[in-house]
Amino acid sequence: MSINLQALFAQLLVGLINGSFYALLSLGLAVIFGMLNIINFAHGALYMMGAFAAYFLLNVLGIGYWWALIIAPLAVGLFGIILERTMLQWIAQLDHLYGLLLTFGLGLIIQGVFQNYFGSSGLPYAIPDELKGGVNLGFMFLPIYRGWVVVFSLVVCLATWYLIERTRLGANLRAATENPTLVRAFGINVPRMITLTYGLGVGLAALAGVLSAPINQVRPLMGADLIIVVFAVVVIGGMGSIMGSIITGFALGIVEGLTKYFYPEASNTVVFVLMVLVLLIKPSGLTGRTA
Amino acid sequence: MVETMTTASDAAAATPSAQPAGDVVLSVQNLQAWYGESHILHGIDFEVRAGEVVTLLGRNGAGKTTTLKSIMGIIPKRSGSIRFEGKDISRASSDKIARQGVAICPEERGIFASLDVRENLMLPPQVRPGGLSLEQIFELFPNLKERLKSQGTKLSGGEQQMLAIARILRTGARFLMLDEPTEGLAPVIIQQIGHTIQRLKNEGFTILLVEQNFRFAATMADRYYIVEHGKIIDGFANSELSANMDKLHSYLGV
């Protein structure tokens, strides 16, 4: 079969874009799971809130995309902190299942509230002027905004990795993931660290939401559609590793893109097929520590 | 400041007769503690004075480790009075207690696998000025300097124990609780750790030691308390050790 390079690269780019969102979201899930032992099923709804925050900032307050990139993650992160303080902290000692049910319920409520006011159709969010248009790379046409999303997500992911794996603060975080009781007995305020970690994970989801707004439109169900794939990504990558979730996120986006080109019928299921294979061969995930 | 013992009758026997050195640093009265439903400590009474090395002796499961954990605030379900430098810490959270200047070296050592040796060493924040500098720590434990980039749990058992002690010396805490620092270590390493504790004592640290190995404890302890079934049942000074040898053997069942 002859290969249409133009179409192949186009699908690869779509894959990379999706991979950026997978990476940002699964990274946040991994960070939250590490510290809180909670599989945050509200993640998709919080991602959607990030996109809506950008929409409101623009249409209510007239604050544009660049400020939204900062303000939306902070605002939604703060909302996450309130969720952690008022609800999640009380179930920290219980079985995973309680966190799963609570966050799943929270996700449904948040989504339901937005659906009630905005229905299920998408609200438009324009690409900022600075990132409009595209460049012809010779082998393909690259819309600038899409290139920006991939590069910026990669930078944010790597910065988060650096923060956790290479700094003093990150060392506290890693230690508290391993043995919170002892870290606290050294004089570190672990409960506060847990709260801020949840805020960080939620902020990353909201950031992905802002990035996604100009590409996917702003819809109450945008997170629900995406998060199912993200959980499969997380299962494949394993929960324990920061770099693992970043790499798996991007890699599976690319795999999806390639599948769309070579065998489009399977493009929606390929990630789940991989998930099944990984679960059969290495249940803790490709990079996961056994939990 | 000297506090008078106003505790239950069984603790009266535990008041050591030797003249203690400094002010009372830690005073524990009628300390009770629970793990879930099981009642572990049934009224622990003892005190530690500035500059002393005090050793809790007793059989496995007597409540020695639980006593240290209760003082540190790691066991949430506890009652009674724990006063550190005159302040009641019996209701404080463990991070607040640590910030008062209490440091613990846990029995399982608690070296973090996801941190390298340097990160392990730097993990506990400084709670007071005057902690040991890194140079002083490397002088005490030269092995650690060679292994700074290693994963914490890749160290030998002895090195992990040294790291577990070293990291609390950085914090400026002057009251150290060491839980079985010799457990499972080779004699030559035990000796090195013994020298270290001796040296810390000479430098004025106050140390509460939990030990099964009382021959090791005898080289540095000022006083002993015997813990049995969650109570202090006896206590004596190091100078009275030989006179109490028979009793000690029966307590410890050695």
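Backbone N, Cα and C atoms are what each Cβ position is placed from, and that goes for glycine too.
Summarising the annotation, TrEMBL assigns transmembrane segment to A:12-33 (among others).
Annotated transmembrane segment per TrEMBL: A:40-58 (among others), in sequence order.
Same-chain neighbours of the transmembrane segment (A:64-83): 42, 46, 49-50, 53-54, 57-58, 106, 128, 195-196, 198-207, 209-211, 214, counting only residues six or more beyond its ends whose CB sits under 8 Å from a CB of the stretch. What TrEMBL lists as transmembrane segment is A:64-83 (among others).
Marked as transmembrane segment by TrEMBL: A:95-114 (among others). Nonlocal intrachain contacts for the transmembrane segment (A:95-114), taken as residues 6+ away from its ends with a CB within less than 8 angstroms of a stretch CB, comprise 36-46, 48-49, 52, 83, 87-88, 220-221, 223-224.
Residues or ranges marked as transmembrane segment in TrEMBL: A:145-164 (among others).
Among the features that TrEMBL reports, transmembrane segment is placed at A:194-215 (among others).
Here the transmembrane segment (A:227-255) has long-range neighbours at 12, 15-27, 29-31, 33-34, 41, 43-44, 47, 154, 157-158, 160-161, 164-165, 270-272, 274-275, 278-279, 284-289, 291, meaning same-chain residues at least 6 beyond its ends whose C-beta is under 8 angstroms from one of its own. Here TrEMBL flags A:227-255 (among others) as transmembrane segment.
Annotation comment: TrEMBL describes A:262-281 (among others) as transmembrane segment.
Listed by sequence, the residues of this chain that lie at least six past the ends of the transmembrane segment (A:12-33) yet keep a Cβ under 8 A from its Cβ atoms are 39-40, 43-44, 47, 140, 142, 146, 149-150, 153-154, 156-157, 160, 164, 197-198, 200-205, 207-208, 211-212, 215, 226-227, 229-231, 233-234, 237, 239-242, 244-246, 248-258, 260-261.
Proximity of distant same-chain residues to the transmembrane segment (A:40-58), defined by a Cβ-Cβ separation under 8 Å and at least 6 residues beyond the stretch ends, is recorded for 21, 25, 28-29, 32-33, 64-65, 67-68, 71-73, 75-76, 79-80, 83, 99-100, 103-104, 106-108, 110-111, 114, 118, 123, 125, 198, 201-202, 205-210, 212-213, 216, 218-227, 230. Same-chain neighbours of the transmembrane segment (A:145-164): 13, 16-17, 19-21, 23-24, 27, 31, 127-128, 131-132, 135, 170, 173-174, 200, 204, 207-208, 211-212, 214-215, 242-243, 246, 249-250, counting only residues six or more beyond its ends whose CB sits under 8 Å from a CB of the stretch.
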